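One structure below.
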Amino acid sequence: MAKSNSNLCAVVLLISILIVAVSAGSFYDDMDISFGGERAKILNGGQDLSLSLDQYSGSGFQSKHEYLFGRFDMQLKLVPGNSAGTVTTFYLSSQGAGHDEIDFEFLGNSTGNPYTIHTNVYSQGKGNKEQQFHLWFDPTAAFHTYTIVWNSLRIIFLIDNIPVRVFNNNDAAGVPFPKSQPMRVYASLWNADDWATQGGRVKTDWTNAPFTALYRKFNANAKKVGPNSVSTSSINDNQSWSTQGLDAAGRNRIRWVQTKHMIYNYCNDRKRFPNGISAECKTSRFL
C-alpha cells in the first residue's frame, strides 16, 4: 500500500510539474493591463492577448517584472486592412526623464501599402537613433516573432530570428548605451495619425474601428531585478544572449535586410544632423 501511495504521489508531482511548465509564459503571470480597460483582453487561458483601438482610446500592457539585460521574444499579428494612423508597439523602457528605451514600433498604412517597422534606441533620455524597414512578408496574415536581445555589448533587433539591426555599445566613444537602468516590457496600440502614416498625411479612418492587434508566446530569457527576483536565465541555464553577436550567416542576413528593406537610417540623414553624424555611425553596423 505504501508503495502504491508513493507511486500515486509521484504521478501527482509529475502532473503538477507539467502544469507549471504549461503555465510558464502566461500573460496572466507575466503582464498587467496598463491602459484601455476592456480593449485589452487576455485570451485562451493566458496564452494570447489582444489590444484594440477605437476613437476613444487605445490599449496596452506591461510586464510585472523589470529586467537588466536579456532576450525578449513576442509573436505579433498586426492590424489588417486599412491600418493608417495606428501604431502597434513592443518595446523595453525604464522610467523617468533620463529613461532608456529600446523600440519596435509598427506604423500602419492604407490598404495595399506596407507597414513601416520603426526601431529606435534611447539612452539617458536621448533617442534620435531611428532605423526603419519595410518587411518582406505580410505581417497581418500570420504571427511572426519579433525579438530584442539586450546585453552589455550590443542590442540586436531580430524578426523571425533574422537580424535587422545591431546597436553596439560605443560608450567609450561617448555614445550613451542602456546598461544600468532596469526596464519593463511594454506593448500598446494607439492612434498617432499626426505623424505615423506618410508623415501624417494619411489619417485614421474611424469607420474601420475597432482596430485589433494580437500578441502571443511572450518569452523573457532575462535577468530579473527587484526584491526576491530570480533570473529566468538561471532557471533554464541558457545565457547565450549575454554575449550574443552576429556570426557570418547573421552578418549576411543583416546586409540583405539593410540593403533590400531599409527605408531610413539616421546615420545617412545629414540634413537632419547638419553638425555631423553620431560617432557610432562611423563604425560598421554589421558587427
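One-based numbering along the chain as shown.
Cβ atoms are placed via backbone N, Cα and C, with glycine included.
Summarising the annotation, TrEMBL assigns signal peptide to 1-24.
Summarising the annotation, TrEMBL assigns domain 'GH16' to 21-215.
TrEMBL lists GLU101 with the feature active site, nucleophile. On its own chain, GLU101 (active site, nucleophile) has TYR91, LEU92, SER93, SER94, ASN120, VAL121, TYR122, GLY127, PRO178, MET183 as residues at least 6 apart in sequence with a Cβ closer than 8 Å to its own Cβ.
Taking all protein chains in view, 19 other C-beta atoms sit within 10 angstroms of the C-beta of GLU105 (active site, proton donor). Positions annotated as active site, proton donor by TrEMBL: GLU105.
Around ASN109 (N-linked glycosylation site), a 10 Å sphere centred on its CB holds 20 further CB atoms from the protein chains shown. According to TrEMBL, the feature N-linked glycosylation site maps to ASN109.
Averaged across the domain 'GH16' (21-215), the predicted model reaches a pLDDT of 95.
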